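Annotated signal peptide per TrEMBL: 1-29, in sequence order. Residues or ranges marked as transmembrane segment by TrEMBL: 53-70, 82-103, 123-148, 266-287, 307-327, 339-358.
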Amino acid sequence: MYNFQPCFSNILKLLFLLIVFVLPTIVSGDCTCDAEATKNNKSVALKYKVGSIALILLAGAVGVSIPLLGKKIPTLRPEHDIFFMIKAFAAGVILATGFIHILPDAFTSLTSPCLDENPWGKFPFTGFIAMMSAIGTLMVDSLATGFYKRLHYNNSKQVNVVDEEMNEEHQGHVHVHTHATHGHAHGSATNPEDSNLAELIRFRVISQVLELGIVAHSVIIGISLGSSQSPQTIKPLLAALSFHQFFEGMGLGGCISQAQFKTRSAAIMATFFSLTTPVGIAIGIGISSVYNENGPTSLIVEGIFDAASAGILIYMALVDLLAADFMNPRVQNSLRIQFGANASLLLGAGCMSVLAKWA
């Protein structure tokens with residue numbers, strides 16, 4: 001099967017480098033819009049920020065690794081009922097992240113009084129960007145899945161033609177019998193194999209598009225924490241973001257697990273997720289002396305990234321994660337699985353919503 005991991009990996013790397021190197025340059029040195037006075041202590045704040053890098057890195061790594069342990073723990077494998085519960089919980093976390101955490105932040109940034117009334121006060125940019133992001137995700141989802149399906153089927157067709165040509169070189173009754181037998185066996189195996197392949201391609205596209213949305217937001221929230229000079233602001237953020245990364249990692253880890261990537265590819269994706277927020281914190285520490293979170297450029301860039309991330313995560317949670325599983329015949333034929341999945345969904349969304357009180 002064609003390996004399309006490098007294609008999406010390159011996109012993720014490009015986005016990551018863009019955020020890491022371009023964003024700090026854009027938002028530093030902004031003209032200021034006076035913020036409320038806060039009690040700052042740079043030396044104490046720095047200690048909390050350095051500690052937050054290690055704690056959030058650990059939380060994210062543990063969260064994304066738990067579903068991946070399904071390969072070692074039979075109970076956590078996708079063929080078991082409990083996996084539907086875990087995935088529903090994770091989808092609830094991702095849905096609440098989009099609706100409760102990211103989208104309100106985007107509205108706050110893009111409707112800030114620090115921005116010019118024209119055009120930011122004349123048009124609902126946050127909703128528009130989130131909508132276009134969700135539509136764009138649908139397009140990427142559909143086009144990528146279709147492209148890799150066609151690519152694989154074309155390759156399979158070429159292999160079949162070569163196979164038939166080799167069979168035609170044989171002569172006599174043995175040739176006819178063998179060819180017929182081969183043809184029958186091949187035909188009977190094609191449909192299940194094609195079906196499994198289509199599902200696998202779907203899971204792989206989902207996992208990588210989902211990571212794309214998470215990465216954009218994770219760096220932004222890391223920069224926000226790293227640039228803060230107030231211990232009173234950092235302490236609740238540290239605890240909330242640790243849980244945030246843990247739960248979000250569980251959601252992403254469940255998708256990676258279903259995608260059945262090779263161990264090396266799964267490890268790269270898990271590591272990439274775990275590092276994004278700590279890297280954002282490190283960037284925030286580096287630019288904290290010139291970064292103004294209430295500057296017009298900072299608000300616009302953060303608002304656009306947050307709105308786009310919200311659109312991606314909301315679409316992925318509702319369409320690719322929840323709808324796909326809740327309409328699964330295996331779920332609909334079992335009242336026990338249905339109840340467990342719904343309860344897990346509400347629990348995941350509820351836990352993530354409560355964290356909005358602190359971050």
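Glycine is treated like the rest: Cβ placed from N, Cα and C.
Because TrEMBL annotations are produced automatically, they should be read as predictions rather than curated entries.
Among residues of the same chain six or more beyond the transmembrane segment (53-70), those with a C-beta under 8 A of the stretch's C-beta atoms are 76-78, 83, 86, 90, 222, 238, 241-243, 245-250, 252-254, 256-257, 266, 270-271, 273-275, 277-278, 281-282. With a cut-off of 8 Å between Cβ atoms, the residues of this chain six or more beyond the transmembrane segment (266-287) that come close are 9, 12, 16, 20, 23-24, 27-28, 46, 49-50, 52-54, 56-57, 60-61, 64-65, 68, 207-208, 211, 214-215, 218-228, 241, 245, 249, 252-253, 256-257. Against the transmembrane segment (82-103), the recorded stretches 123-148, 307-327, 339-358 differ in Cβ pairs under 8 Å, and the greatest number is found for 339-358.
Sequence-distant contacts of the transmembrane segment (307-327) (same chain, at least 6 residues past either end, Cβ-Cβ under 8 Å): 84, 87-88, 90-92, 94-95, 97-99, 102-103, 106, 110, 125-127, 129-134, 136-138, 141, 206, 209-210, 212-214, 216-217, 220, 251, 255, 338, 341, 345.
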